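Enquirer: According to TrEMBL, the protein has these features:
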- 46-297: domain 'G-protein coupled receptors family 1 profile' (DOMAIN)
- 28-51: transmembrane segment (TRANSMEM)
- 63-83: transmembrane segment (TRANSMEM)
- 103-125: transmembrane segment (TRANSMEM)
- 145-166: transmembrane segment (TRANSMEM)
- 205-229: transmembrane segment (TRANSMEM)
- 250-270: transmembrane segment (TRANSMEM)
- 282-299: transmembrane segment (TRANSMEM)
Amino acid sequence: MGEVGNTSTFNISYTNFFLVGFPGLRDWRLLLVLPLTFLYMTIISANALVIHTVVAQRSLHQPMYLLIALLLAVNICAATAVVPKMLEGFVHYANPISLRGCLAQMFFIYFTLLLDYNLLLAMALDRYMAICHPLRYSDLMTSRLLGVLAFLALARSLGVAVPLVVLTSQAQFCRTAVIRHFTCEYIALLSIACGDLTFNNRLGLAMRLVTVTFDLALLGTSYTHIIYAAFRISSGGARAKALHTCGSHLLVILTIYLSGLSTSIVFRVAKTVSQDVQNLLSAIYLLLPGALNPVIYGVRTREIRQHVEKMLCGKELAQDIREKPKRLQNMRVKGKLPG
């Protein structure tokens with residue numbers, strides 16, 4: 001405590017740091033470079049494939065698919081903000097980074113995370129209009145409204161990320177130059193700051209609680225109405241399609257929010273958990289959506305899946321795969337195959 005007091009007295013504040021993400025894996029870190037690189041390339045290629053499919057196919061130029069493409073583009077940006085520096089940390093045990101670089105990384109991490117949340121809200125609104133007001137959907141969900149939703153998502157993300165970064169930049173970092181994390185997260189930076197950090201801690205917690213509570217309330221209300229309206233659809237096929245589409249969105253929502261909730265609980269409650277475990281949960285929270293979202297939307301969304309099959313397998317093979325069940329059924333009807 002005396003050392004911290006002395007550094008605080010002389011007003012010393014570090015402007016260069018060392019990221020030490022997984023101290024317990026010091027002897028194994030080089031072995032993790034290859035799988036992490038493979039994961040990063042998989043995230044980039046899988047998300048890019050679905051984005052290219054949506055952009056290239058005019059039939060997919062609809063609000064729902066465009067929002068999916070935007071969400072996957074954010075996944076690429078989020079992974080790029082985290083993984084390259086994380087890879088450097090596996091090559092160099094103490095990974096150097098400047099204060100400006102740290103604040104820039106922190107901004108992109110929280111900006112992309114918040115943009116994820118906001119795009120999920122826009123997608124919930126789109127599904128609400130499509131299922132609860134199907135006859136007015138094309139009149140309500142216009143390109144103009146889509147642009148307004150994208151602008152609001154950007155503004156809201158900036159409105160939360162910028163104050164956090166500005167407030168952090170004004171702190172004095174006098175405890176140590178070592179950040180025990182693989183990225184410059186808000187909590188990790190505050191852990192090496194000195195002085196009265198009550199306002200910083202309360203602001204960070206308040207912003208997270210308000211954002212998550214508000215988003216979950218809107219999402220819960222929206223999907224409650226959507227599911228209720230879907231069960232009232234008389235056509236069984238239309239009802240199944242509506243529930244299937246909403247199921248994909250709900251799966252993505254659960255992935256993002258549950259991983260974030262588990263990370264927050266561990267950081268703030270489970271003080272006995274090792275640093276490696278805390279950082280691993282943080283890595284899962286930051287990278288899991290980018291790895292799962294293209295799989296969820298690429299496999300569960302029939303229109304996207306069909307176009308991806310055409311691109312990867314060739315048009316004739318994809319058509320043959322889709323028509324094979326029909327041919328088999330026709331053969332059964334004609335008595336050429338056993339039922």
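Cβ from N, Cα, C; glycine included.
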Enquirer: What average pLDDT is reported by the model for the domain 'G-protein coupled receptors family 1 profile' (46-297)?
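Expert: So the average pLDDT across the domain 'G-protein coupled receptors family 1 profile' (46-297) works out to 86.
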Enquirer: Could you tell me what the rest of the chain brings near the transmembrane segment (250-270), counting residues at least six beyond its ends with Cβ under 8 Å?
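Expert: Same-chain contacts beyond the flanks: 71, 113, 116-117, 120, 187, 208, 212, 216, 219, 223, 277-278, 281-282, 284-285, 288-289, 292-293, 296-297, 300.
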Enquirer: Under 8 angstroms, Cβ to Cβ: which one of 28-51, 63-83, 103-125, 145-166, 282-299 has the largest number of such pairs with the transmembrane segment (205-229)?
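Expert: Stretch with maximum Cβ contacts: 103-125.
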